[in-house]
């Protein structure tokens, strides 16, 4: 599977996940608006006053 990952030029870098990594995630700090994207072995969706995290299981589904 491939997911987007944050790198030097922003969050558009495409990476190939390892065999154990079954999820793409998108994590955002609602206060600072910082975000991180990448691959994960496990993923828990979260939407609180501070953090938003979404998980998905198809290629490049975390833009």
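Just so you know, glycine gets a Cβ as well, placed from its N, Cα and C.
On a predicted model such as this, the values are computed, not experimentally measured, just so you know.
Taken from Swiss-Prot, the feature disulfide bond covers 3-24, 6-11, 17-39, 43-55, 56-61. Swiss-Prot lists 63 with the feature proline amide, giving a curator's inference as the kind of evidence.
A map of Swiss-Prot features onto the structure.
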{"residue": "3", "record": "disulfide bond", "DSSP (3 states)": "strand"}
{"residue": "11", "record": "disulfide bond", "DSSP (3 states)": "strand"}
{"residue": "17", "record": "disulfide bond", "DSSP (3 states)": "coil"}
{"residue": "24", "record": "disulfide bond", "DSSP (3 states)": "strand"}
{"residue": "39", "record": "disulfide bond", "DSSP (3 states)": "strand"}
{"residue": "55", "record": "disulfide bond", "DSSP (3 states)": "strand"}
{"residue": "61", "record": "disulfide bond", "DSSP (3 states)": "coil"}
For the disulfide-bonded residues listed (3, 17, 43, 56), most other Cβ atoms within 10 Å of the Cβ sits at 3
Counting across all protein chains, other CB atoms within 10 angstroms of the CB of residue 11 (disulfide bond) number 15
If you count the other CB atoms within 10 A of the CB of residue 63 (proline amide), including all protein chains displayed, you should get 10
With residue 61 (disulfide bond) as reference and a Cα-Cα limit of 10 Å, the qualifying disulfide-bonded residues from 6, 11, 17, 39, 43 are none
Taking only the CA atoms, the spacing between residue 43 (disulfide bond) and residue 3 (disulfide bond), expressed in whole angstrom, is 14
For residue 24 (disulfide bond), the closest of the recorded positions by C-alpha position, picking from 11, 39, 63, is 39
Cβ-Cβ distance under 8 Å, sequence separation of 6 or more, same chain as residue 39 (disulfide bond); the residues meeting this, in order, are 1, 3, 5, 15, 17, 18, 21, 23, 24, 25
Students should find that the Cα atoms of residue 6 (disulfide bond) and residue 63 (proline amide) sit apart, in Å rounded to an integer, by 10
From 11, 55, 56 (disulfide-bonded residues), the ones whose CA sits within 10 A of the residue listed as 'proline amide' are 11
CA pair residue 11 (disulfide bond) / residue 56 (disulfide bond), Å rounded to integer, equals 16
